[in-house]
């Protein structure tokens with residue numbers, strides 16, 4: 001069995017070693033460890049491997065809390081201390097900024113920490129009927145596989161939701177369409193839990209009765225989604241209050257649909273908004289754009305600070321809900337929302353937004369390359385706060401801002417939005433030089 005000394009962790013939380021002149025990425029290994037490993041895939045310049053025995057363990061290694069860790073693909077870093085996880089993610093961010101963007105921040109912000117367990121307020125879990133494995137399987141996908149890990153508990157889900165998993169197995173197993181129900185989406189607000197069942201066939205009256213009884217017994221709302229996300233609708237109870245989460249620091253309540261995009265970690269979301277607005281420093285009289293604004297997660301706190309906010313989002317339905325949230329919170333007088341494809345942004349389309357003193361960008365994993373390239377003398381805000389869920393595209397966009405558009409990267413840091421996983425959420429501040 002080959003042996004390696006692990007030098008560092010990569011962006012997926014794998015140990016990195018060099019053996020006989022070749023890079024080996026070792027799952028389950030930590031920096032500083034000596035491990036035995038098995039190669040499961042070979043490439044000309046690197047191997048992919050899995051640790052089979054830890055010969056010399058890192059002081060940062062901890063016992064995984066979940067019985068499914070190592071099989072389930074939902075988590076990849078439960079074997080690493082939570083503080084060390086954040087430090088590893090900070091290194092991933094700094095490495096990306098330098099190696100991809102050739103930029104370094106003036107300062108590194110302290111990592112934003114929150115609860116390490118029970119934090120996941122949004123999840124999509126798979127459902128499969130596999131008689132050879134005992135019937136219904138419910139869980140995240142297995143590591144490196146399209147198969148479903150059969151989860152009976154999950155410590156990154158809130159305890160009440162994790163505790164429902166055994167009953168959920170029994171419920172699905174009794175439905176007539178169990179083999180035509182590929183996923184269940186979990187969406188949690190401050191006061192309500194919604195389970196959205198993706199049903200590929202209509203339910204029978206008996207199925208609906210079982211689902212309604214489950215909803216009543218467990219204190220959740222059950223929705224059905226027979227088609228695209230827009231088809232999702234409540235089954236039981238009818239007429240329940242909409243899901244919502246609050247941002248108490250800004251006296252804002254955000255209503256949302258269970259299939260809308262919201263951050264999975266409400267505690268980190270609140271802290272990330274606080275950090276973002278500290279850096280953005282919105283003031284009365286300023287006009288600030290929130291690009292990729294979604295439901296108005298950043299827009300409404302900006303407006304609450306007295307600035308006028310212009311929210312832009314690709315989804316027309318989200319734009320309507322953002323405007324509705326602004327009205328509900330009494331902020332419609334300082335906010336406006338527009339639907340536009342920001343992946344096709346141009347100098348003219350940005351200029352059409354009017355004077356912008358500052359900019360907040362919170363794009364999906366693809367980043368905001370069209371937006372940063374479209375910045376010009378027509379639209380050149382003095383300060384940009386960039387919230388990112390992908391260090392590589394943040395670094396790519398930072399290169400354009402710094403090397404082509406005349407901005408300075410004042411600071412950058414991570415928010416541990418997804419503890420126990422390798423996902424890196426980050427924030428960066430750019431100022432016009």
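Placed from the backbone N, Cα and C atoms, the Cβ positions cover glycine too.
Taken from Swiss-Prot, the feature domain 'TRAM' applies to 1-53, supported by sequence analysis.
Annotation source Swiss-Prot lists [4Fe-4S] cluster binding site at 66, 72, 75, 154, citing sequence analysis. A sphere of 10 angstroms centred on the C-beta of residue 154 ([4Fe-4S] cluster binding site) encloses 26 other C-beta atoms.
Residues or ranges marked as S-adenosyl-L-methionine binding site in Swiss-Prot: 263, 292, 297, 313, 341, 362. Other C-beta atoms found within 10 angstroms of the C-beta of residue 362 (S-adenosyl-L-methionine binding site) number 21, with every protein chain shown included.
Around residue 389 (active site, nucleophile), the C-beta neighbours below 8 angstroms that are at least 6 residues distant in the chain are 364, 365, 417, 423, 424, 425. As annotated by Swiss-Prot, active site, nucleophile applies to 389, with the evidence given as sequence analysis.
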Residue among binding-site residues 66, 72, 75, 154 with Cα closest to the Cα of residue 292 (S-adenosyl-L-methionine binding site): 75
Separation of alpha carbons, residue 313 (S-adenosyl-L-methionine binding site) and residue 154 ([4Fe-4S] cluster binding site) (Å): 33
Proximal but sequence-remote residues of the same chain as residue 75 ([4Fe-4S] cluster binding site) (Cβ under 8 Å, at least 6 apart): 64, 66, 69, 156, 420, 421
Cα distance (Å, whole number) from residue 72 ([4Fe-4S] cluster binding site) to residue 362 (S-adenosyl-L-methionine binding site): 29
Other CB atoms within 10 A, centred on residue 313 (S-adenosyl-L-methionine binding site): 25
